[in-house]
Amino acid sequence: MLIYVVAVVILATSQHCLAGSCNGGIAIPWNGEIECICPPHKQGKYCVEDVPGVEICNSSWPEIQNACASNPCYGGECINLFGGNYKCFCKSGITGARCSEGTHCFTCQSMNRINTTCAIFDNAPHLRNLNFHSAVLKQKKSRADCTGNWGIQYSEGILWTASGCRGTFCINFNETVVRDCNDQLDGNVLITTMDDTVFQTQCLNGWLVFAKRFDGSVDFYRNWEDYKSGFGDVDGEYFLGFNHILSVLKHGSYQLRIELTTWPDQGSVTKYAEYSTLDLAGESEQFRITVSGYSGTAGDSMWYNNNMKFSTRDQDHDTRSSGNCATQRLGAWWHKSCTYAHLYGPYMSSSRCDVRLKCMYWHRWPQRIGSPDNYAYSFREMRMMIRRV
Ligand SMILES: [Ca+2]
């Protein structure tokens, strides 16, 4: 029997495989037909049946090709599998098919009164080519206050700490450069756009959230520069900034989704308005918005604002000759003369607008929920998001 196996192995390595005929196994011409040598986890004449309870295990199989030769596993251990495949066994705390996602922690300490720098990758050179997306101080080991008193220069592979700070620092990394949220389900991500703009934002079900309000903690009555560069915090309320939004939009065609949630007096329901195309012009055209292809449940309140430029309290680009809509309504927006949607208007602590038209309203909600009209109903939550199509 052993001799037979050895003979087959020699045959297998010396013959070219006939791909496809053995379901990943090795096909060998034999007595005018094809004999299949199945991988350890498959059986049957054409290797289509699973072998119960058997995992792929290289140690019982010849190395037809050395798939590990290219060192595909970063810091993990590579095992050759049948058929030119490999499997990575990752170090503790590292995951991913190529051990490319995880956390690398190291100690950096400044003993006396001088600042110090530490090499990030000294003990993990394989991580140099991965995408690092955040760094944290895991544990402080000295009385000196390290918090905020350290920084990282990733391109040079160093971390610096201020005098007296000793601590354990951790770097999170992965292999993928994230361009938008299309491949991300939920959570905060670091976006790196094709023009090398890097910023953090939040993803929700594959949508990139560029504006979010839910408690009024961030003031949205701001000037042009703030809307250009962004404000707030991705863990709270924020506006991502037109510069960031535009750098994402360069990646392709995007659709727009707006979600609105009522207060309990209207059942705390969430409805949405989607626009199948979104075009946002650059600053030279005052971030003019163009949308089309409405669908949804919240009503189309953007119809009136379509093709309008953005106005802020300090820049009037609306079509109203008498004054600035943004100051009259206390909110930046793509005002015409003025607007059916006002999601950057003043946040109310209840559904009732202190002053009609000066709150976070959406006029075309399918039911009348405000009194006397929907210009007097201020929503509890809103989100504005984009997704590549
Ligand atoms: Ca005006």
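Quick reminder: no glycine exception, Cβ is built from N, Cα and C everywhere.
Cross-referencing Cys90, Cys105, Cys108 with TrEMBL gives Cys90 as the cysteine bonded to Cys99, criterion being a recorded disulfide. Between Cys68 and the candidates Cys73, Cys78, TrEMBL records a disulfide bond only with Cys78. A simple Cβ count within 10 Å picks out one of the disulfide-bonded residues Cys78, Cys90, Cys99 as the most packed, and that one is Cys99. In the three-state DSSP reading, Cys90 (disulfide bond) counts as coil. Reported as a whole number, the C-alpha separation between Cys68 (disulfide bond) and Cys99 (disulfide bond) equals 13 Å.
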